[in-house]
Amino acid sequence: MSINLTLDIYIYFLNNARSFCGKQRSKQLNFLCSKQYWRMNHVNVHREFHTSKKSCKWNRSEAHCSKHWHSSSNHGVHIGIVKLSTSAPKGLTKVSIHMSRIKSTLNSVSKAIFGSQNEMVSRLAQFKPSSRIFRKVSDRGWLKHKNVKQAIESLKNYSDKSAEKNSFAEQKSYFADKEEGSDKHSLYHYAYRITTRFGESFYFLANHINSYFKNKEKMSQIKEDRQLQDKPCLEESKSISPSPDILTDRPDSGPPLNVEDKLSSSTQLPEALPVSTKQSIANFLSRPTEGVQALVGGYIGGLVPKLKSDPKSQPEEEEEPSKTDEPICKDKKAEEKKRVLLQREKIIARVSIDNRTRALVQALRRTTDPKLCITRVEELTFHLLEFPEGKGVAVKEKIIPYLLRLRQIKDETLQAAVREILALIGYVDPVKGRGIRILAIDGGGTRGVVALQTLRKLVELTQKPIHQLFDYICGVSTGAILAFMLGLFHMPLDECEELYRKLGSDVFTQNVIVGTVKMSWSHAFYDSHTWEKILKDKVGSALMIETARDPLCPKVAAVSTIVNRGQTPKAFVFRNYGHFPGTNSHYLGGCQYKMWQAIRASSAAPGYFAEYALGNDLHQDGGLLLNNPSALALHECKCIWPDTPLECIVSLGTGRYESDVRNTTTYTSLKTKLSNVISSATDTEEVHIMLDGLLPADTYFRFNPVICENIPLDESRNEKLDQLQLEGMKYLERNDEKMKKLAKILSREKTTLQKISDWIKLKSDMYEGLPFFSKL
């Protein structure tokens, strides 16, 4: 939108100045005036006078004043006549800048208030001043007053009257036809500082906005106050600098100021002037010396509180929750910082672990002395026990081929150390038979003598010890004790049965009163410390992984139940082996624990022994979750020998009691309910039914005799134990064909093809990465 404003006549009141100058484009304009004239100040009230005839002449180089008017105080009045246009080439440069500011101001106001330029054009109808207006104004006799003050007062009175009497339609009709002789007056729309003749539409716009956004009474009061302040401003305005368009000099002052000084003084002037924060829009539209920033900051800024709800209170409201959120934010930041620090520490620790692993592997590979090799191997073993995550780095460093070559050296100590570290890394030798052979023993306390009878019969048929018959032995509670005695310590069955009976008599002998007190105190009827002492003496404090030093030792595991990880119990496996890097078992476990700790944790039956705390975990009897560990043993074997088929799995029970009595009661007691829950949790037949249906024929063998009496777990009387043995022998006699079939399977040797395949695999593992002929 382009607006052309043509100002025909400007009358300047100048005081005590000799000359002033300006610039029009590149040419300098000099205005020659009398010695006495009024000085221009944009703070004071400046009025616009219209005359009927032109009294000043304009040319490119000079402007000469041809008419002087003197007031009662004998001050000279210099009347300067300048025809200016925002698009005309003859306008002063500074005034043109101000006209462009007015234009940009109108654009901003139109966008902020009316919303479109079309509405702006329809509402703001501009009228170009003409000679008719000049004659109308001159007829009023505004310039006939004897002094300036009276002229200003008459201007105020006239403007107030014209604002009340005239309307937009009357003003429009007056400009349309002057010769009709109507008494309609032309609008003189004044502002408080500098007058700009934009017509009745601006007055209507200002009045409408002020009435909508402000209190009318408050605006009228502010208008009267400012009008009263205008009078002393005219009398006392002698030391204030002129407007940016005019430079003045006092008679007793120095040389005239140049244009640069004028600009610097004009820029410093607004800082010292008090400007109201809320002014009418007509004031901003009529002030060419103020820019768009003043409009937005002063007037539009005053409208924002009307459009929004108290913006000053919003920061306060935001600060209050922010203050309350400060502790939460600090806690979150502290937690985040701790998490980052822990993560960084883990990364640093992981890097240091990997570097340490590489250093140990490289040191071992550089060693040639067998004794020094043993030391290096043990150092690497201890390192991997403490940091199992380093096994992957060791495998990448080709530690397995080097260890397999070391195992060929005729040194028993070195071979034992190499077997231990190979088992820790997860490397395993081929199975003993044609496939994987698994032995799983249920829990049941002293009723484990029933399982001993089955094993005795199996040894008689195969003529081999148990640890040579099976590749993997797993047990729960009393089954873990049997697995350790048979698989790790290679005890004969007679010695094992004698030790088993002695353990029962030593542990399960307790006074009823003392046991009841202990039960209420530690939830354990028997003394757990006595049981731990017996285990340390009989089993020892060797680590589980150290049993892998024996070349005839099978893979052995004991199962316990962790009760403090989550809401549901979880099975935990104490192993004498490790899984190969990249192989993940579904069950928790480790091989860095002592053997007596494994048995203690696996046999911590609730009510009999106290739960066992190992590290951060709380262990109880494994029978609470998996009283039949056959499925767990099968899963572990698939992790150890993933490419080897299953030859057989033998599951040994400790006897089950089935009552034929049927109760006719319609309800059960709380004790009965709890007993049913425990029985269902420790049930072993469901796993048997599942495996029997899933596994191939002649692969799964379950031996669990039915006993005629419900014998408790802590039965230590010899007659009761003899009764259990007798019932077990009768059961084996009834299943003699089944036992013979199992013995035949366990007695089979590997085929020649399997032996060749195992030899090729061993050679390929020993010389991995080396030329083909070196493998032969």
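Cβ coordinates come from backbone N, Cα and C, glycine included.
Features of the protein shown, as given by Swiss-Prot:
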type: REGION; residues: 226-274; note: region 'Disordered'
type: COMPBIAS; residues: 226-238; note: compositional bias 'Basic and acidic residues'
type: REGION; residues: 306-331; note: region 'Disordered'
type: COMPBIAS; residues: 307-331; note: compositional bias 'Basic and acidic residues'
type: DOMAIN; residues: 439-634; note: domain 'PNPLA'
type: MOTIF; residues: 475-479; note: motif 'GXSXG'
type: ACT_SITE; residues: SER477; note: active site, nucleophile
type: ACT_SITE; residues: ASP621; note: active site, proton acceptor
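Counting residues per DSSP class in helix, strand and coil order gives 2 helix, 2 strand, 1 coil for the motif 'GXSXG' (475-479). There are 29 other Cβ atoms within 10 Å of the Cβ belonging to the residue listed as 'active site, proton acceptor'.
DSSP assigns ASP621 (active site, proton acceptor) to a strand in the three-state reduction. Counting only same-chain residues at least 6 apart in sequence, those with a Cβ under 8 Å from the Cβ of SER477 (active site, nucleophile) are GLY443, GLY444, GLY445, SER602, SER603, ALA605, ASP621, GLY622, GLY623, ASN627.
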